[in-house]
Amino acid sequence: MKRTFLNSKIHRATVTGSELNYVGSMAIDAELMKAANILPFERIEIVNVNNGQRWATYVIEAEPGSGIMEVRGAAARLAEVGDIVIIFTYIEIEEPIPVPWHPRVVMVNEKNQISEIRHIAADKPSELLFSL
């Protein structure tokens with residue numbers, strides 16, 4: 001049986017732009033993508049901390065070191081410049097689950113620069129439920 005787990009997240013990034021008339025996606029600074037192990041065109045889930053909106057889309061790579069976190073397409077209606085968002089990626093793992101499992105969390109500052117990279121750890125799968 002496969003289970004879906006958090007693979008990585010970019011925590012509390014600031015939206016730097018929105019472009020409604022674009023064919024969907026989210027542009028993210030390539031350095032942040034690399035740190036969070038996110039590939040171009042990978043599916044992501046976004047949560048807007050300011051308004052509670054949650055949606056899924058795919059990633060487009062933005063210039064490395066730019067701090068860009070731009071919502072594009074119809075989702076531009078779900079976030080405004082300056083909003084705080086959390087970006088999630090997930091992974092499907094066949095049981096038995098490797099223990100410990102270590103999702104990666106990329107913490108950023110107000111300019112979307114990496115301030116810290118953490119690894120959430122649990123000694124057994126049941127502990128994952130309480131550490132996320």
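Cβ atoms here come from the backbone N, Cα and C positions, even for glycine.
Per Swiss-Prot, the feature pyruvic acid (Ser) maps to Ser25. The Cβ neighbour count for Ser25 (pyruvic acid (Ser)), using a 10 Å radius and every protein chain shown, is 19. A strand conformation is recorded for Ser25 (pyruvic acid (Ser)) in the three-state DSSP classification.
Summarising the annotation, Swiss-Prot assigns active site, schiff-base intermediate with substrate to Ser25 and lists sequence analysis as the type of evidence.
DSSP assigns Gly73 (substrate binding site) to a helical segment in the three-state reduction. A simple way to gauge crowding: the CB of Gly73 (substrate binding site) has 16 other CB atoms within 10 angstroms, across all the protein chains here. Taken from Swiss-Prot, the feature substrate binding site covers Thr57, Gly73, Ala74, Ala75, and the record attributes it to sequence analysis.
DSSP gives Tyr58 (active site, proton donor) a strand state. The active site, proton donor feature in Swiss-Prot is assigned to Tyr58; the stated evidence is sequence analysis.
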Notebook entry, point to check: Cβ-Cβ under 8 Å from Ala74 (substrate binding site), same chain, 6 or more residues apart: which ones?
Noted result: Leu20, Gly24
Next item on the list: Look at the recorded positions Thr57, Tyr58, Ala75 and tell me which residue has the greatest number of other C-beta atoms within 10 angstroms of its C-beta.
Entry: Ala75
Next item on the list: Give the sequence-ordered set of same-chain residues, not counting Thr57, Gly73, Ala74, Ala75, with Cβ within 8 Å of the centre of the Cβ atoms defining the substrate site.
Entry: Gly24, Ser25, Met26, Trp55, Val71, Arg72, Ala76, Leu78
